[in-house]
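Enquirer: Okay, handing you the structure first.
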């Protein structure tokens, strides 16, 4: 049967169908009824009796030998056609005549071939579904089993997907009818008939089979009794089927994170001596790790050697070992084996290497790897995983790729955890496209389980690129295509992307949609934390306090991130650093939650904005006293504080230089207590720029080279130097020593890097974090263009940056304008920028200065009111322009325009030029012409020729139409 049959059937109606000419009018009239109410018994009896008395069109395959003429005669007069059969079954089902649906189906859907009674080949999916549902509704279980058996026998080889769809439809209807135990029993029985077994351990491979059953397991209004189902199946269908179904249950329960039920199913298998397969062992180890029963992981793993065929199992074993032992004790245990004359096995190496990899002991891991190779051992999964993890932990991402290739070299299958590490490597490289390639590879390998953790990592990566569209698409792909249950992990990741993309309201909408359906085990606190972060971004203190109250009243277990949000709320919205410090004091003494660098970082950032250098230094002392590892941002703030303090006290900055060198050296050799041994470039980039300005460019270059030597191998220098923070520092260095040719080359690379990022396949939305990437840097570019006599290139560059949405600070605008006014070729472009933007901010600032001065002047009338001034007092930020002409720039461009106009000898030409400027740049020219331009030759004549214009302009101080000039 062609799959197009159901589609045709869905679209047919009474009028479009081809009815036999012999169908009586009273039957046709009945069939035109479109209602769903039950038929009266007489009408139903007449209708069914009529069709039961007729035959059906013979199948060609039967080979009845009828002539074409005879067949046509039957069709037109006495035989029931396929269309009539389909319409009749649908009609009777709609009118709830289930008994007669069965009667008609048994007569017209079946045919006899030889001694066998088989379903017809043209039986369609909707017909069969209504037939089966009618049997179910009338509780005819034996007939239902027989009908399913007939369908499997007839269509399994040609229409397996349709058969599975029918079984799942009946299963879902049984669930709706609260026949849960019977539904599960039948589903297992029928799936065994279809597949020859009932053991399914990969959702994506068996999505069609498992989709409805998984939906049943997830329903909040259903409480399945899995052990009861297993007992019934074992009793009636035998232990082999019960064991297979238990394996399926165990896999699905861990897939949807119902670990308590998964443990109960595992215990059932063990208590009833059912066979333990590889999937069972993997699932129970995963369950024990999630339930933090680490002491059971090792004993369970070693108890079932015949089931150790999945690399993921060793991941859970390694995690458990690392949680239960400190690495010093493991090292001693490992070394003791040599002492008693027993050489460590490859398993010993794997466990010890992984434990040391977790704490970033790369040298120890490499030494052990070299040692086992010298002993002629072949690396195992655990050994290779440990090597990969150790290099990831220290930020050696380039080495991660080469170590990942070792899995292929030694013919070892990477596990889910291996791919997770590689996704984290791409996250460290900020390479979303590379991460997508990993996901594509995973989706093509049915042996690898794709988890929520994989998607959460990918979604989180969208924070850096602020690509909320891709993040949302990933979330939908996870929940809809892979049918992975979302928890706080993926929801909070998506919320974070919305927040970083400046869409906090969408993050809040996500919180309101999902928070009600999550439990604390599902990471509910993570979702609350992101909601608080979103409200902080909206500066809504009341909503933040509401969420804090909800968390407290519901006694939700909090985490480190919660306290981070509380500190951020106090510092950002309440401007209460004292209370924030008291929370840090509480965390230092907390028995469960550990204080970390991110808690201190928030307060340090606030102190940095205020210029409170001593506060930053005192906070760092507190961290040192309590052995809290610093991160790169903490080191950045402390270095900046020390440097700024030295400059304020007119001291030399040698102390800062020495401090930077010490920090780099100690971080590189592992003696500095930091969260990450490879320091972020910003730690030395800011001091480097400061040294360029206040000490020696040569010293800054030495610092830069030393940083590369300590933290990057020679072949990694190029990739490190391509980072924006490093390129910015080098650009500042080159500008300070006026190496303009090199500056021009590097700036072109800087622009190319931005364009490459914008042209990546994953760059479907603009990255708002790149908008300010030219702030503080653009004035140097202007200086380079002036020095190389290329200022005529500035308008095109300026236009390009503005069109792409880059934000340039006020210093950049002023430096650009001043440069443009100095060159006759670009003066008009500079005037346009001033007229469109900067002059308005300048006038607003000076207007308020004048109003403030007048309001403070005692000689003025005391009852004089200034409404604009009062408005500014109420909303000061609203009347503070972000872009404006600085006074020195204003004076400079006025002089430059004087010089330009003074160079025009012809009075008529001068007059036309002024008129043209008034027409095109009216706001700027209004300010310019408020004072007589005495430095311009022939200006007195201009004043005399346009006396009324200047008189009105200087009196009204408002823009006048050019026609009045």
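A Cβ is built for glycine as well, from the same backbone N, Cα and C atoms used for every other residue.
Residues annotated as transmembrane segment in Swiss-Prot, with sequence analysis given as evidence: 237-256. Under the heading repeat 'PPR 1', Swiss-Prot lists 310-344. Marked as repeat 'PPR 2' by Swiss-Prot: 345-379. For 380-414, the entry in Swiss-Prot reads repeat 'PPR 3'. Among the features that Swiss-Prot reports, repeat 'PPR 5' is placed at 451-486. What Swiss-Prot lists as repeat 'PPR 6' is 487-523. Taken from Swiss-Prot, the feature repeat 'PPR 7' covers 524-558. Under the heading repeat 'PPR 8', Swiss-Prot lists 559-595. The repeat 'PPR 9' annotation in Swiss-Prot covers 596-630. Annotation comment: Swiss-Prot describes 680-714 as repeat 'PPR 10'. The repeat 'PPR 11' feature in Swiss-Prot is assigned to 723-763. Annotated repeat 'PPR 12' per Swiss-Prot: 774-808, in sequence order. Taken from Swiss-Prot, the feature repeat 'PPR 13' covers 809-844.
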Enquirer: Averaged over the repeat 'PPR 12' (774-808), what pLDDT does the prediction give?
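Expert: The answer is 91, the mean pLDDT of the model over that range.
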Enquirer: Using a Cβ cut-off under 8 Å, which residues of the same chain at least 6 positions beyond either end of the repeat 'PPR 11' (723-763) come close to it?
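Expert: Distal contacts: 432-433, 436, 465, 467, 470, 680-682, 685, 688-689, 692-693, 697, 700-701, 704, 770, 773, 776-777, 780-781, 783-784, 787-788, 804.
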Enquirer: How does the repeat 'PPR 13' (809-844) divide up by DSSP, counting helix, then strand, then coil residues?
Expert: 31 helix, 0 strand, 5 coil
Enquirer: When DSSP states are grouped into helix, strand and coil, how many residues of the repeat 'PPR 12' (774-808) land in each?
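Expert: Looking at the repeat 'PPR 12' (774-808) with DSSP, the answer is 23 helix, 0 strand, 12 coil.
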